[in-house]
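Lifted from TrEMBL, the feature list:
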REGION    B:1-34  region 'Disordered'
DOMAIN    B:39-209  domain 'CobW/HypB/UreG nucleotide-binding'
BINDING   B:Gly43, B:Pro44, B:Val45, B:Gly46, B:Ser47, B:Gly48, B:Lys49, B:Thr50  GTP binding site
Amino acid sequence: MPSLATLVLSDARFPGGGHVHSGGLEEAVARALVTGVGDLGTFLHGRLRTAGLVAASFAAAAAVAAGSAEPCWAALDAELDARTPSAAQRDASRAQGRGTLRAARASWPSPVLDALVAAHPRPHHPLLVGAVVGIAGGDPVEAAQCVAYLAVSGPASAAVRLLGLDPIAVNAAIVAMAPTVDEVVALAVAAADRAPADLPAPGAPMLDLLAQSHVRHHREQVRLFAS
Amino acid sequence: MRPEDHVGHGHGHLVTFDPTETEPDHHDTPPTHGRAVRIGIGGPVGSGKTALVAALARSLADRVRLAVVTNDIYTTEDADFLRRNAVLPPDRVEAVQTGCCPHTAIRDDITANLDAVETLEERFGDLDLVLVESGGDNLTAVFSRGLVDRQIFVVDVAGGDKVPRKGGPGVTTADLLVINKIDLAALVGADLGVMTSDAHRMRGELPVIAQSLVHDPGATDVGEWVLAQVGAVRAAA
Ligand SMILES: Nc1nc2c(ncn2[C@@H]2O[C@H](COP(=O)(O)OP(=O)(O)OP(=O)(O)O)[C@@H](O)[C@H]2O)c(=O)[nH]1
Ligand SMILES: [Mg+2]
């Protein structure tokens, strides 16, 4: 049974700052790469298998670390940095981590959070999610599920807002991804006990480029999302 | 996970592949000073929020150390306006993106705005006041008490003299209601007497100020109210 912490962290109403991030979707929409529910599904699928798998793996590993005597937060943080070559994406991840930390300190106060923050003042979002799930007694599967789901639900919600898509059709598209979500979660959990350097590292050059050009375009024209 | 697992992988510094990103993360100094008083300025699109911020920035410049956060689609627009008119130095204005939901960013999930306020506090260390201008929104949009200490709701006569009696949390609960652009009342056929008496009826004891930034570019009455609030919040802290 999922812990309440996992449900709360996956809820779009969780006040951790997720609603201002589109995960590259806004830039993809601006370039007409995503125009409707069909190509949104393709975008989400690619995101889930790459950025989603990396995030889910680090969340699962963080859930393990939260319960260990000497968690290697600095190594996890550095390895996730290394898997995120886009500076804009690192910023987006740390901004959501900082927001989640603010809410987590009030809801799940723990020395585990202090240790995580000692490694970096604005920890990466997946590490925060994994740590909170671990603190609340949840297992790595929940942490990975939560983060894999957020990897697609955030951009999907942005698509509803930017393109005026039918939210019922978009919801169905997310649910149709269940087999892929399960696959990604299984890969993430299988790797959760490994050393940080050995966690999965699939790349998504297109998402990296979209993230970078999103930031550049924000200086020239309006962008409504932070990433 | 065993701690020795990561020995030898060289985690001494953060990896960056971006040659332009040479600066270290600038968010690592926790604020050591007192917190600035935070006042939210909300209200419908075009009612005069940015004009009020600009007026306050000018008239209060010598009396408080001030910074501003602007929100949403006109973020760049509003931030640029404040910078261009040299009302505030560029580094005193932070712009926030709200993911198409200006009310969410000031009420339900205030993370992005809190980050902006804290960034300004970290940058200057000695701020008295941070004004947070919301994106233009509807009459139900109010600021969370977790984000601001006080809030001003700005409506204008051009929106019609029915606006105050329509009510909504903005009109009924804001700490100050400003009825702006009263210089236009005659032109748009708005009855100022009806507007102010409706406003008082909807708001009970809460204050209402009617003003025109054309006639009073310094927003004198609102400025006095703001200074009083800064004092009151500081005294209560
Ligand atoms: N006549 C008159 N015009 C005013 C007054 N105050 C503001 N304006 C004008 O009203 C227009 C809108 O003002 P802004 O300050 O941009 O309004 P805003 O509420 O910030 O608008 P958004 O941020 O887009 O929601 C501008 O052209 C201002 O110059 C006033 O008291 N009288
Ligand atoms: Mg404005």
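Note: Cβ is positioned from N, Cα and C throughout, glycine not excepted.
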If one looks at the chain holding B:Ser47 (GTP binding site), which residues at least 6 apart in sequence have a CB under 8 angstroms from its CB?
B:Gly136, B:Val154, B:Val155, B:Asp156, B:Gly159, B:Asn180, B:Lys181
Tell me, what is the mean pLDDT of the domain 'CobW/HypB/UreG nucleotide-binding' (B:39-209)?
92
Among the binding-site residues listed here, B:Pro44, B:Gly46, B:Gly48, which has the most company in the form of other Cβ atoms within 10 Å of its Cβ?
B:Gly48
So which binding-site residues out of B:Gly43, B:Pro44, B:Val45, B:Ser47, B:Lys49, B:Thr50 are up against ligand 2, CB under 6 A?
B:Lys49, B:Thr50
All-chain count of other Cβ atoms within 10 Å of B:Val45 (GTP binding site):
13
Across all the protein chains here, work out how many other Cβ atoms are within 10 Å of the Cβ of B:Gly43 (GTP binding site).
30
For B:Lys49 (GTP binding site), nearby residues of its own chain (Cβ under 8 Å, 6 or more apart in sequence):
B:Ile41, B:Gly42, B:Gly43, B:Glu133, B:Ser134, B:Gly136, B:Val154
Other than B:Gly43, B:Pro44, B:Val45, B:Gly46, B:Ser47, B:Gly48, B:Lys49, B:Thr50 themselves, what residues in this chain have Cβ atoms within 8 Å of the centroid of the GTP site's Cβ atoms?
B:Gly136, B:Val154, B:Asp156, B:Asn180
How would DSSP class B:Thr50 (GTP binding site) in three states?
helix
Assigned element (helix, strand, coil) containing B:Val45 (GTP binding site), judged by DSSP:
coil
